[in-house]
Structures are given as structure tokens and as C-alpha cells.
Ligand SMILES: Nc1ncnc2c1ncn2[C@@H]1O[C@H](COP(=O)(O)OP(=O)(O)O)[C@@H](O)[C@H]1O
Ligand SMILES: O=P(O)(O)OC[C@H]1O[C@](O)(COP(=O)(O)O)[C@@H](O)[C@@H]1O
Ligand SMILES: [Mg+2]
């Protein structure tokens, strides 16, 4: 497996602290490339749009809450169709690959890349690479036409198949070269974008006229910079069914407890949003917010209090929550999946047993606990209507970018505007819930659960780490550092 990081950032600076973190372009390393007028200018559907083509100078600000004296800060190149393209329609030979875990909307993105290339740019040759990265060198390809993909957005999963592991950069680039592919669309999460970045580097090293475009996929919503990842809303919606079931079960019996485990290996966004959406949840546990079980202010004490008040309760937890407690008590060996991701123990089963044991030992109150694990049910469904529209925009932005000769980029909305983001910005860190932000405070106030943190730790930490301003969404990574300190203070 290769490592990313050999690409020189393309930084353009301007007045008042303006910085553009630009994406690579084929013309950066191949001289004298011919250009062609964008065929969209003759497309009846788009001809009525005023200013259809994106101005080359358009850029999107990463930070939009500013002060009078703030520098203008980091910007990304705005996505969209350009006046000139770097490929003629009949010479384009594109391929699409899906990697990593499933996510609602994968099929919609595949469909919209195929249809976007065909309907907007007249491209007829699109190959599907089967079974993730290893499919480049070990599987047959699938020819993708608008007819083949017509109905696929109504199905969950990916028609191409996916896999973890199996990233062999030189074999993949050999396969791209041998097949004469000149546009590569790579759909996947942080691991996949790391893989895409090294593929791009190797393509550039070989001097190939091949555009590499990444489309970010992560059900955990853990990709930084972009506003939100596709499929996330669908997953949160689907999680409501499990939470409703846990609520009905717990409400129907004296001292009933419903425990629901949701996805979220390192980031608790699904659990946090599903909790906020439901309002039936009494306690939400996520990887970013450490907690403890025994003693004053601990989880057991809170459960007892809530059961006395309400006679029932619902606990939602992300799969990555409390892993440090679990490994302390189970002394398990660290295991990894083929992509190198840490394999987690089932924290839902573990905590359910701990709660049962506690109440049977203390004999103060009899409880009935039901554990619901809808893990794969929330990601195997087709995407909902709004995710479908989002996937369409992502796919079309990727197609416009590749046709315009941009390469080595991931596409995604930044403050609502679709942008081209260099790979290194997407893979440098993971997006996490910032527990000193207002969103987590909203959650704490909606569940009225303990924060499991002492307020002095948080206040002290804020003073130390962020003297000038309190970021609301950890945009520049400072809050992550602050968070780590809070965690280490409370453990
Ligand atoms: N650092 C890396 N360099 C190259 N390829 C990688 C890297 N990390 C992961 N990959 C590849 O990306 C693919 C998907 O990664 P994975 O972590 O399983 O899912 P996701 O992309 O959803 O995070 C796998 O085929 C894996 O081998
Ligand atoms: O069992 P699998 O297929 O490895 O997937 C489980 C994992 O996939 C995830 O959804 C994240 O996967 P990705 O990084 O591929 O998006 C985690 O939340 C979960 O732990
Ligand atoms: Mg991942």
C-alpha cells in the first residue's frame, strides 16, 4: 500500500490574506495540451442559463464567519463547467470504481457520472471496475451506459461491488494505462481517497494524460472540509426506525431499557444526529466523548435516576464509543481489517451486559434491557430523495472537473458551494464531533444526560487552546487538539 503526501500544494495568494488551495491540472505537467469548446454551449437544456460556465476566478471560502479584521483565509476552486475542455467527447474513456464500506447513494453517483458524461459531454465509453481497487487488475470490467444504469439509484449497495484492501498502485496504474483510460472516477472514504492520491501521483510521475477525480463517500461523515457526506441523511433517517423500536420496547415494560448501537468508528455524527432527530433518546454515547460507568456522575447512576423519573430509557451509542473501557476490561488484541482499519469489539453487547450485571448486583431495581443492532440496515438501503439530488451534484461536478482537465481532486460542498479540494486536504485528518461546540451542547440539553466531563476542564482548555476565537465546527483542526486535551484530562 502506498502513502500519500508527495504532491506539492498549489497555493495562490491574493489581497487581504486571500489564499487559494488549488487543485492540480493536466497542463501542470503536460505542455501544449489542446483545448476544445465545451459542448454544453450547444446543449438546449443549458443554453437558457445565464452565466452557465463558471468563471475561472471563482473560489469558495472555507471560513464564512469572519470578523472586521479577519484575513480572507483559505479558498477552494469552485466546481462546475468550464468554457474550455481538455478532452474531445469521442476520445474520453472513463472508468468508475467504488471502494470501502457501503453507503446509501453509491449507485446514484455511478448513475449520474455515466449519464452526466453521456448527456452533457456525449461520452459513450465508460467502464465499471468491479470489486474495488483490486478489480483494476483482477476482475472483469462492466460496460456502463445510460441504459444499464437507468434504474440503479433505486437499489442499495453498489452495482460494481466493493472491497477493502488490495490497493496495488503500480498494478492499478498499469491497468489504467493498458486499457487506454483517461478519466478515473474513484468513489470512497478516507482510505479510498488516500489510494486515489497515490494513483494520481503515479499517473503524474508517468506523465499520463489521465484525470483522477475522487467522490467522497463515508456513512460516518468523517471526511473533513466538506459540509456533509452523501448517504449520511439517509442513514440517520433509517436509524430512527431502530430508535423507535427501542423506545416502544422500553416503554412497554417497567424499568425497560433500549440500547441501540449505530455506526461510527471514530466519529459519532450518526449517533448524535439520530439522537437529536428522535427526541426519544435519554443518553447518546460517542467516541469523542469519554464516559465512565461506576460511581457519582457515571452512566449507572444516570440510568437509575432516569428510570426512577420516567420508568424507561433509550441509550444510543456509536460503535466506537467507550472502546478504551472495553479493551481495558476484555484485554483484546488489536485487530485490523484488510484496509488497516481497527476492528472494534461490539460495545453494544458489552454495555448491555454491564448494565444487566450492575442492576442484578445492586438489587435496588429490576430492569429489562433490549439490545438492537441495526448496523448494516442503515447503510444497505437506497438513498433518500435529498441524498439522490446531492449525489447528482457531486457526480456532475466531478465530470465537469475532469473534462476541464483538473485532476488529483475530491469534489464536495464547502459552505453550500461545490468545490474542487486537493486530496491532501481530505486525507490529512478525520472529521469528528467537537464536544465543545454548540451542536453537542444541543444534544446534551435535549437528552439532559451528564457530560461526563468536569466543566472546569473544558473552560481551562478553551482558555489555553483558543484564545482569540471559538470555532464552531473545528474547521482548522485546532478544536481537535483541544478535544484531545479534554479527553486526556478526564480519563
Ligand atoms: N494509505 C492508503 N494508500 C493506498 N490505498 C489505501 C490506503 N488506505 C486505504 N486504501 C485502500 O482504499 C480502499 C478503501 O479503504 P477503506 O479504509 O476500506 O474504506 P474507506 O475508503 O471507506 O475509508 C481499500 O482498497 C484500501 O486498500
Ligand atoms: O463491516 P465492514 O463492512 O468492514 O464495515 C463496518 C464499518 O464501516 C463503516 O461504516 C465505515 O466505513 P468506511 O470508512 O468504508 O465508510 C464503519 O462505521 C463501520 O465500522
Ligand atoms: Mg474509512
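The backbone N, Cα and C atoms fix where each Cβ goes, glycine too.
For the substrate site, TrEMBL lists 218, 219, 220, 263, 264, 265, 376, 377, 378, 379; matching the candidates 319, 324, 428 against that entry yields 319. Summary of the site annotation: TrEMBL records ATP binding at 164, 165, 189, 190, 191, 192. Screening the candidates 101, 256, 258 against this entry identifies 101 as the one listed for that site. Spatial neighbours are here defined as Cα atoms within 10 angstroms of one another, and by that definition the neighbours of residue 101 (ATP binding site) among the binding-site residues 218, 264, 319, 379 are 218, 379. For the recorded positions 190, 220, 319, the ranking by surrounding Cβ atoms (within 10 Å, all protein chains) places 220 first. Straight-line distance linking the Cα atoms of residue 191 (ATP binding site) and residue 264 (substrate binding site), rounded to a whole number, equals 15 Å. Taking the Cα atom of each, residue 377 (substrate binding site) and residue 189 (ATP binding site) are about 19 angstrom apart. Secondary structure from DSSP puts residue 319 (substrate binding site) in coil. In this structure, 190, 191 are the recorded positions from 190, 191, 220 whose C-beta falls under 6 Å of some atom of ligand 3. Under 6 Å, Cβ to nearest atom of ligand 2: this is the test, and of the binding-site residues 165, 192, 377 it is passed by none. The closest partner of residue 264 (substrate binding site) among the recorded positions, by CA position, is 220; the full candidate set was 164, 190, 220.
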